[in-house]
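J.: Have a look at this one before I ask anything.
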Amino acid sequence: SASNMKSMERELQCPVCKDIVKQPVVLPCLHSVCLLCASEVLVQSGYPQPELPPEPNSPASTPNTRSPRQARRPMPKADRALRPGFGTYPGRRRKEGHTQLMLFPCVPCGRDVELGERGLVDCMRNLTLERIVERYRHTVSLGSVAVMCQFCKPPQTLEATKGCADCRASFCNECFKLYHPWGTPRAQHEHVLPTLNFRPKVLTCPEHDQEKLQFYCKSCQRLLCSLCKLRRVHGGHKIVPVTQAYQTLKDKITKELGYILSNQGTVLTQITQLENAITQTESSRQKRSEALANQVAERRSLLEHAGLMAFTQELLKETDSACFVHAARQTHNRLAQSIESLQSFSLSADPSFRHFQLDVSRELKLLTDLNFIQAPLAPVIDTQRTLAYDQLFLCWRLPPDSSPAWHFSVEYRRRGVVPGGGRLEEVSGTSAVIDRLEMDSVYVLRVRGCNKAGFGEYSEEVYLHTPPAPVLNFYLDSRWGLHADRLVVSKEQRCARSVPGLSLLQAADRALTSCHLTADLLVGDVAVTQGRHYWACSVEPGSYLVKVGVGLESKLQEWFHLPQDMASPRYDPDSGHDSGAEDSSDSPPSFTFLTMGMGKIYLPSSANSHHGTANYRDGGIANGNGPSSPTGVTYPLPPRLGVCLDVEKGRVTFYDAHSLRPLWEGAVDCSAPVCPAFCFIGGGALQLQELVANRNADQTPVRRVTIQSRVTKLN
């Protein structure tokens, strides 16, 4: 509204000239000043006079006879590079000696701001602020001057009715039709209101011409183009698309604006207190009155129709992501400071005359109630939830008697790197997801909390072993010969349960044996043809017999059509390894399984392994001779079983997925697509390991990377 526009004039003033900003540029401190004012300040500070380009459409630069193409001709790049104060100084090569850095005395900050050797060239224009100023001028009509057509021949110059953002010129109706004939590319130019100050359509990189600013570096708090993003200076920085930064910053400002507008009664009450305090301090010193008056003005800006609030509401209308992020950070900081001041309100000056005597009552109360803030205690790592799979998931908690933490610092490094030499990441929650880790490596992690008292002690170090190969993500395929009466697959297709039902009991009545069971086979919905792949699963300890392994897709399909009935699952209790190729002595087996059941895992001996290719491994060291038992050994069932398939070598290795300790290795035929397979004999349950990326737990992303693996979906 017009009243809102009038109230925010203070927000649109240049801090140097105290007038409405014109062609504002954003300084590194996020304050905006007029381009001409900034140049004059630099000259007064002893820097050379910059050669400013003529303003668009000014009488000196755009006479009435100039065509639209001439009006928008840009300054040559070589000339821009040699402007004093905007790049390299005349008579000096860029690589000669040490370059002097420019310092700009910022009035609102009260300190010198470093501009760098390129000066104002790196300070991008605040296009959002220019749009708000233009809306303000059209609404308030403050000193508005009629804009004349730039292409009418004098003395019959008419008032402009349209502006062209592409031609950067203002036209009357007749001239606009003349220079934008129907059916030509110029007819598609963007129409704007007539103005004397045309702006670029979008923000472009000051170092790379015509490159749009599509990214935002959270570490440097700068807008980047696609070329700036590739620079080494931004290596390891947190870089997000500008649309994401736009939405995040816009949501924060919207919440802050809503909080202030919902506390208008508090603002009015504080204004009343301040005005009463001003009345009581009329006889006091002038500085106190000025301090309180400034505080009143600051509080008035928080009212719904006041300057800062109106400016913020106009700011939220910006739809250009780069322009919004470029202009809104200073407003976000001011709103945050206003909310903090609103919540902890106190008079900036004492209206009484107690300063003539020493009053230590407040200090005595503070000393009496003195309570030292302690740093957080060492966090406790949750080893049950912490794991390394497709990503590394670290979870922790603070001890019950610990002081709260503002944030946590996570340090992770490869084993062998000295403590303090790893990478540090700041997270706000009690968990973190770490990516871009090397395969088959041991990482050491620790975490510590931080609050107002500083950093606390580090937690105990935890060692996590990354998988030996990229993780293969797949689901259980229920389309092949699934017996619904005794084998059930979950809705998410990551869990399966086998329950012997009525049909098996009826079969047992007709059989001569005391028990009659059927082997049910279940496979994954992907088949691999090359590379190395790893996946993990967990078998319920109470399962009777469950076989986990891999096999040729074609051979597994044949097995589906030839169900194997057996009198007892103990027909071969000592094998633990089913090759599916016992009739062949020269070729690797078509499928390889490892047997688990009744809380144990059955490992075959070297004598029983196919062609002697299987080796026992204990503690990660291969034992070629194997155990003394000729029929293999049994171990307690690990919480999770890992499977690593190497297609090129035709080898499959089984691991204790919790510690990545190899359990057994054998050969498998990989001449055709190979897929994960699971066999149930009797009652049992199996669940595939969930990807860390799919977990719904409270987690803070630290680093992420997509691991690509070549797989084929089963038809």
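Just so it is clear, glycine is given a Cβ too, placed from its N, Cα and C backbone atoms.
Residues annotated as region 'Disordered' in TrEMBL: 48-93, 567-588. What TrEMBL records for 200-242 is domain 'B box-type'. If you look up TrEMBL, you'll see 316-373 marked as domain 'COS'. Per TrEMBL, the feature domain 'Fibronectin type-III' maps to 375-469. Look at TrEMBL and you will find 454-697 tagged as domain 'B30.2/SPRY'. According to TrEMBL, the compositional bias 'Basic and acidic residues' annotation covers 571-580.
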J.: Can you work out which residues elsewhere in the same chain, 6+ from the ends of the domain 'B box-type' (200-242), have a Cβ less than 8 Å from its Cβ atoms?
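T.: For the domain 'B box-type' (200-242), the list is 77, 118, 121-125, 127, 165, 190, 320-323, 325-326, 329.
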J.: Work out, from DSSP, the number of helix, strand and coil residues along the domain 'Fibronectin type-III' (375-469).
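T.: When I sort the residues of the domain 'Fibronectin type-III' (375-469) into the three classes, I find 0 helix, 43 strand, 52 coil.
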J.: Can you check how the pLDDT averages out over the domain 'B30.2/SPRY' (454-697)?
T.: 74
